[in-house]
Amino acid sequence: MSSSDSVKSLPKVTSTEIKPAMSRISAILSHRTMRSRPEGVDGDINMDAEILASLGYKQELKRNYSTLEVFGISYSIMGLLPSIASTISIGLTAGPVGVVWGWFITGFFLIAIGIGMSELASSLPTSGGLYFWSYHYAPQSMKVWLSFFIGITNSLALCGALCSITYGLAGQILACANLSHQDLVITDPMTYGVFAGCIILQTILVCLSSNFVARLQSVSIYVNVFLILLFFIAVPIGTKNNIGSFNDGAYIFGDFENFTSWPNGWSFLQFGLMPAVWTIGAFDSCVHMSEEAKDPSKAVPIGIIGSIGVCWVVGFFINIVICACMVPDIQRLFDSPTGQPLAQIFLDSLGRKWAIAFMALITVGQFLMGASVLVAISRQVWAFARDDGLPFSSFIKVVNKKLATPIRAIIFSSIISLAIGCLCIVGSTAANALFSLSVLGNYLAWVTPQILRFVVPTAAFVPGKFYLGPFWSPVVNWISIFFQLFIIVMCCFPDDNVVAKDTMNYTVVLNGGAWILSMLYYFFYKRKYYFGPKSNLDPDDLDPETAEVLEGLDAVESNGAAPPRKV
């Protein structure tokens with residue numbers, strides 16, 4: 001039977017069966033294009049555009065990202081050594097055991113999360129990703145408001161990720177300044193000023209052409225690899241020369257300390273797991289590049305799982321070296337005038353000049369991290385605005401045709417991040433909520449479509465190129481689901497069991513307030529205009545077979561399932 005006959009012979013569907021029917025049709029169209037894949041780069045890109053059309057969207061952005069560059073954007077955002085520099089103080093709250101074993105244990109579960117996300121990304125490769133999947137798998141009565149909630153949550157979480165990365169960058173820049181001028185007193189307004197300046201520079205960089213930003217990911221990979229190699233060589237040599245000896249294995253792998261009033265077990269979980277959870281995060285950035293990636297059903301899973309795996313293994317050894325080379329007095333690291341424990345470790349091991357040089361290199365890596373996450377944020381914001389999910393969507397969703405870049409979405413994302421970053425002025429306790437803000441929002445956005453895929457009877461999952469199979473896929477996905485739910489709960493706990501102004505977890509206030517305001521905005525206004533993912537295809541964008549199928553679906557939708565597709 002020809003592929004055309006297959007489509008024409010599809011059974012009639014009712015309005016309540018429309019999403020499963022769309023899944024079957026998407027699968028047929030995808031397999032048809034795979035079988036008839038044209039040879040050459042242009043043919044591959046045309047096939048990717050046709051698969052995107054089967055999901056209801058026209059190709060507006062250029063597919064400049066190779067598999068390596070898709071990997072690069074996630075790996076760049078993780079930015080191992082710069083990220084560890086920003087989060088090492090959290091892990092040290094549970095001592096070397098928290099730093100080393102917390103990282104190792106977390107990495108196992110992050111691989112499971114990456115596998116679950118990769119299966120979804122391979123099945124439905126679109127920049128909207130999480131909110132699109134949530135709409136696709138949710139029950140009919142929940143589709144629209146749930147996809148809106150996930151779209152807002154994911155957008156704010158990614159903005160929180162940019163804030164936390166750039167806040168760490170500001171701290172590292174000021175640590176370099178303190179190392180050079182020991183009489184410098186670092187203040188909260190000073191931190192925000194540096195933070196804002198870095199956001200503006202990252203915005204200018206990311207507004208350049210799509211092709212340039214894609215090449216930037218390769219540069220970021222090289223910078224991060226160079227930093228890691230230099231770290232593995234210079235820090236142990238410096239420790240041997242300046243300190244004289246290393247900490248032994250019993251200290252590195254077995255010394256647990258508790259600098260909180262929580263019980264030891266909970267202290268390990270809350271502070272030992274968080275550095276890896278935050279560092280090896282934002283791998284959904286690969287998903288948001290689906291409409292700029294070549295062969296996204298394959299490239300995105302490789303980018304997600306590859307970046308998690310590399311950062312898990314290499315980060316584990318970085319943490320071992322840190323614990324081997326640092327002075328065992330952890331309280332002294334917390335009280336360092338540099339404000340950065342890793343900067344103090346470099347100062348002890350390498351001396352002042354080399355410590356300044358090393359921290360300066362780390363700031364370069366951290367700056368590129370921020371630029372990469374801004375790219376991912378802008379694509380999520382652009383995709384959500386394309387479906388009219390944001391205020392001023394008609395303005396934000398416009399793509400600069402000359403540069404093939406959503407410049408307005410980039411600027412909008414930067415403005416939101418600058419507003420959230422005002423927490424830097426409030427103080428370090430509120431500013432530290434930036435780290436949990438991104439984790440809590442991202443994990444909620446990640447886990448929702450995973451749960452819907454398995455618990456909603458009408459959810460029709462059609463495997464893409466990446467799929468573990470009917471046995472291992474549910475096993476791995478449920479492991480990742482339970483871990484994500486645990487992390488969501490853990491992110492809401494305060495740093496101390498005696499809650500005061502200085503120990504309160506402001507993540508609950510930030511996320512809770514944002515969710516309440518967003519849903520009030522939806523129910524009182526936006527529900528009149530937002531109906532979930534909608535097609536922006538014109539008849540000329542479709543091949544005849546796809547057009548015939550979508551016209552048939554429009555006839556079904558016009559009977560009351562959803563607003564008709566504008567095709």
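Glycine is treated like the rest: Cβ placed from N, Cα and C.
What TrEMBL records for 70-94 (among others) is transmembrane segment.
Among the features that TrEMBL reports, transmembrane segment is placed at 100-133 (among others).
Residues or ranges marked as transmembrane segment in TrEMBL: 145-170 (among others).
According to TrEMBL, the transmembrane segment annotation covers 190-214 (among others).
TrEMBL lists 221-239 (among others) with the feature transmembrane segment.
Nonlocal intrachain contacts for the transmembrane segment (268-287), taken as residues 6+ away from its ends with a CB within less than 8 angstroms of a stretch CB, comprise 70-71, 73-74, 77-78, 80, 83-84, 87-88, 90-91, 93-94, 97-99, 101-103, 105-107, 110, 114, 117, 121, 127, 129-130, 154, 158, 161, 164, 256, 260, 262, 293, 299-300, 303-304, 307-308, 311-312, 315, 372-373, 375-376, 435-436, 438-439, 442, 445-446, 487, 490, 493. What TrEMBL records for 268-287 (among others) is transmembrane segment.
Long-range neighbours of the transmembrane segment (299-322) within the same chain, counting only residues 6 or more positions beyond its ends whose Cβ lies under 8 Å from a Cβ of the stretch, are 65-67, 70-75, 78, 80-81, 84, 88, 91, 99-100, 103-104, 107-108, 110-111, 113-115, 117-119, 121-122, 125, 228, 231-232, 235-236, 252, 276, 279-280, 283-284, 286-287, 289-290, 293, 342, 345, 465-466. What TrEMBL records for 299-322 (among others) is transmembrane segment.
The annotation transmembrane segment is assigned in TrEMBL to 354-377 (among others).
Residues or ranges marked as transmembrane segment in TrEMBL: 409-431 (among others).
Per TrEMBL, transmembrane segment is recorded for 443-463 (among others).
Among the features that TrEMBL reports, transmembrane segment is placed at 475-494 (among others).
The transmembrane segment annotation in TrEMBL covers 506-525 (among others).
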Contact call for the transmembrane segment (190-214) against the transmembrane segment (221-239), three or more Cβ pairs under 8 Å: no
Highest-contact recorded stretch vs the transmembrane segment (70-94), from 145-170, 221-239, 443-463, 475-494, CB pairs under 8 Å: 221-239
Stretch with greatest number of CB pairs under 8 Å, the transmembrane segment (354-377) reference, 100-133, 221-239, 443-463, 475-494 candidates: 221-239
Spatial neighbours of the transmembrane segment (475-494) far in sequence, C-beta under 8 Å, 6+ residues away: 109, 112-113, 115-116, 119, 269-270, 273-274, 277, 436, 439-440, 443-444, 446-447, 450-451, 453-454, 468, 503-505, 507-508
